[in-house]
Amino acid sequence: MISAFTGTQIRAAEQPLLDAGEGAVLMQRAAYGLANAVVRELRSEGRRLYGSSVTVLAGKGNNGGDGLFAAATLARRGMRTTAVLTAGSAHPDALAAFRAAGGRVHVLDEDNAEELAVLIAGDDVVIDAILGTGARGGLRGSAAELVAALEELRPGLVVACDTPSGVDADTGEVHWPVLTARLTVAFGGIKAGLMADPGEGCAGRVILVPIGIEENLPAPALRRFSAPDLAAVLPDPGRRAQKYTRGVLGVVAGSGRYTGAAAICVQAASAAGTGMVRYLGPEVVARQVLARTPEAIWEPAEPGRVQAWLLGPGLDGVERLQRARDVLASASSAGQPAVVDAGALELLPERCPPNWILTPHAGELAALLGRGEVRVTREDVESRTVHFARLAAEHTGAVVLLKGATTVVASPSGTVFSQSDGNPWMSTAGSGDVLGGIVGALAAAYAESGLDDHGPFAALGIAPDERWAAVAAVGASIHGMAGSAASRGGPLTASGIARAVPDVFRFLGEYRAG
Ligand SMILES: NC(=O)C1=CN([C@@H]2O[C@H](COP(=O)(O)OP(=O)(O)OC[C@H]3O[C@@H](n4cnc5c(N)ncnc54)[C@H](O)[C@@H]3O)[C@@H](O)[C@H]2O)[C@@H](O)CC1
Ligand SMILES: Nc1ncnc2c1ncn2[C@@H]1O[C@H](COP(=O)(O)OP(=O)(O)O)[C@@H](O)[C@H]1O
Ligand SMILES: [K+]
């Protein structure tokens, strides 16, 4: 699993080493890692180090110190180096080392932000070392002016030192302006704010440089499944499998107005390895569903047994909503997992069972919170994704999967997972229905086994009260990977995402086979 930590957790892990007088050593390791990352990045672009130019924007704290020491190393390796001191002063030893290596120094003042921005924009590399984990709020005054002007000029390779300045390292909230990085080099531990939107959108690719504090780190604030983790947990039908043991998913979706949503979510559930899909809905929709997925079973009356439910995509009309309400009530009393999306989110009881997974986008989450008297807009949710996903999980008692470029999953126990495997082409109608189908299929597969203490989630160290959130995160990841496979850099359709799902399973299966 990829782990991320709050700034406070990282600082606490550093403290014993600082107390032992190791602060300078930590800074040297960080600076060395940063300089190496810049060198690797330039070389990967086929660029020569010698004669290339780099400017470090250095604040007055240790983050600026890291940046100045790194720039001193780059100067010694032949780069033309400039430092812009954004707060007048700088870490004294780092500044001395930078000057000794031949670096040029400018001091940002009230009048020269525009002029410096133009100068810096011509450089090959810009290192953002203005603020790190010691930041309170965002950039202000001339530093804000400089960064805003520079961002408009689209500078060369921007590398953030530990975190892009202005991104809250704990939460991913962003205080604009921020210099969007292509690469962020994190020290000691990845900051949680680099794995949650909107912060993740400012960080580019994130690499981790160990500095010797790792043994002191506590349980992570946020986790992410990587390919080997996914390969380890994906349902794998044993030799004695039959369709009922593989999981049967009941789907309550679609209406005369939105037939496609039902057809797409059933197609996706089927593609994600469900033993069987039972579709509950009007005949006019069922015809469409079966035309696309003839393997599904239409249940016009009382449905046969299922292991999990998916409710909501394209749901509309009084009668259909009542049916969904009834199914939710029976799922609750039977202890069945349910994936609740779109139209069905309005039907939730005040408290949900912890094996229910709600899959709102930001607008739906704002509406959901509104029913609990938390007045927020879609924009509020988008600017504080982790905070509001956790709040909704706390209020409802269910797992909350908040969709977006980065999808955040909060469990009612407070655990947070985040996945970011997709691409912007996936913001297309029906894409969320595919996600519902995938998560539904996984819920059915894991419902009766796989989540116990002998299963693969336990083997990854995921606690019992975090496992339904983990299932949702796995679903978000498969959805993103299928979207990337379907897109290959170009437009896609929701059906295309669904069709690519078996390939993701195959790819991960080969991974597992080694
Ligand atoms: N503690 C350590 O020994 C280590 C720290 N490291 C680096 O140090 C960073 C943390 O250093 P610091 O604690 O010095 O904190 P920062 O370098 O993040 O900045 C703190 C300084 O900026 C000022 N400041 C805070 N918010 C501001 C704002 N919005 N606008 C303008 N000024 C603001 C503070 O008053 C303080 O002087 C980490 O991100 C990492 O890069 C690494 O070198 C590893 C070792
Ligand atoms: N910019 C993006 N990058 C990656 N994935 C995205 C992006 N925008 C949306 N998505 C994904 O696409 C899906 C959209 O779902 P949703 O908003 O419910 O759309 P719909 O209701 O049309 O199906 C979600 O899974 C979301 O995570
Ligand atoms: K920084």
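Every residue, even glycine, has its Cβ placed from backbone N, Cα and C.
Here is what TrEMBL records for this protein:
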- 62-66, 132-138, ASP162, ALA261, GLY314, HIS361, ASP433: (6S)-NADPHX binding site (BINDING)
- ASN63, ASP128, SER165: K(+) binding site (BINDING)
- LYS403, GLY404, ALA405, THR406, THR407, GLY432: AMP binding site (BINDING)
- 10-219: domain 'YjeF N-terminal' (DOMAIN)
- 226-508: domain 'YjeF C-terminal' (DOMAIN)
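When the CA atoms are compared, the binding-site residues lying within 10 A of ASP128 (K(+) binding site) are ASP162, out of the candidates ARG136, ASP162, LYS403, GLY404, ALA405, GLY432. The Cβ neighbour count for LYS403 (AMP binding site), using a 10 Å radius over every protein chain in view, is 23. Using a 10 Å Cα-Cα cut-off around ASN62 ((6S)-NADPHX binding site), the binding-site residues SER165, LYS403, THR406, THR407, GLY432 reduce to an empty set. Ranking the binding-site residues SER165, ALA405, THR407 by the distance of their Cα atoms from the Cα of ARG136 ((6S)-NADPHX binding site) places SER165 first.
Among the binding-site residues ARG136, HIS361, the residue whose Cβ has the fewest other Cβ atoms within 10 Å is ARG136.
Close contacts with ligand 2, defined as a Cβ under 6 Å from any of its atoms, occur at none of the binding-site residues ASN62, ASN63, GLY65, THR133, ASP162, THR406. Residues ASN63, ASP128, SER165 make up the record's K(+) site, and a Cβ search at 8 Å around their centroid adds LEU57, GLY59, GLY64, GLY67, ALA129, ILE130, LEU131, GLY132, ALA160, CYS161, ASP162, THR163, PRO164 from the same chain. Per-residue pLDDT, averaged over the domain 'YjeF C-terminal' (226-508), rounds to 96. Spatial neighbours are here defined as Cα atoms within 10 angstroms of one another, and by that definition ASN63 (K(+) binding site) has no neighbours among the binding-site residues HIS361, LYS403, THR406, GLY432. For ASP128 (K(+) binding site), other Cβ atoms within 10 Å of its Cβ number 32. Geometry remark: LYS403 (AMP binding site) versus SER165 (K(+) binding site), CA distance 25 Å.
The Cβ of ASP162 ((6S)-NADPHX binding site) has ALA30, ASN63, ASP66, ALA129, GLY132, THR133, ALA169, THR184, VAL185, ALA186, PHE187, LYS191 as same-chain neighbours under 8 Å, each 6 or more residues away in sequence.
In three-state terms derived from DSSP, ASP128 (K(+) binding site) belongs to an extended strand segment. Listed in sequence order, the residues ASP197, HIS361, LEU402, VAL408, GLY422, ALA476 complete the 8 Å Cβ shell around the AMP site centroid, once LYS403, GLY404, ALA405, THR406, THR407, GLY432 themselves are left out. In the three-state DSSP scheme, LYS403 (AMP binding site) falls into the coil class.
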